[in-house]
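Novice: Straight out of TrEMBL:
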type	residues	note
ACT_SITE	64	active site
ACT_SITE	118	active site
ACT_SITE	122	active site
SIGNAL	1-24	signal peptide
């Protein structure tokens, strides 16, 4: 009887230790993905888009998120339920966030809901405080300067290119190999949608990606123009 009780006690201790260990490792990660999206490819789909309440964004890549990731392809998420988004913490960054991190989801918004989602799902696992998280993502976007990098390589919106040419141009300009994600427009053309660059775990600089997301593009993809596109809301206004 004592032996059984002793074994049960030991099992409970082990389970408790495992539980504590797992909880302590919920926010462990090895690197970040800095994910930037091309607005025309977000809007030029069947779901369309809605411009922010601040107006149509510029024709430039915008931030989707800065996402902690692990070398095995998994990722932590929602690491601190008590760390809700506080707009006052980034009040002096709002203008930059509206420009470089806008929401194109419908209905039109000021971006706060989008930033809240990114902070609570990904930022709380980043080991950065809220201000550091958004400041870091904005600075990394500026450092990569993707649109200029592509233009310097002769790649401009409104034309078709091979995926390899786009990847090679970004590697040449940024110094590291990107992952290119595609989606399809309403005519079923494969198009440049998002660019993933990897960042070290301290969020200080770009690195070669330990692992890439899954996904494939067509052999030739469109880099659609955003300067001439309209959102679903704008199309209705014209009618």
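These residue numbers are counts, starting from 1, taken along the chain as shown.
Cβ atoms here come from the backbone N, Cα and C positions, even for glycine.
Note: TrEMBL annotation is automatic and uncurated.
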Novice: What's the CA-CA gap between residue 64 (active site) and residue 118 (active site) in angstrom, rounded?
Specialist: 8
Novice: Run through the Cβ atoms and count how many others sit within 10 Å of the one on residue 122 (active site).
Specialist: 25
Novice: Over all shown protein chains, what is the count of other CB atoms within 10 A of the CB belonging to residue 64 (active site)?
Specialist: 21
Novice: I'd like the Cβ neighbour count for residue 118 (active site), meaning other Cβ atoms within 10 Å of its Cβ, all protein chains included.
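Specialist: There are 22 such Cβ atoms around residue 118 (active site).
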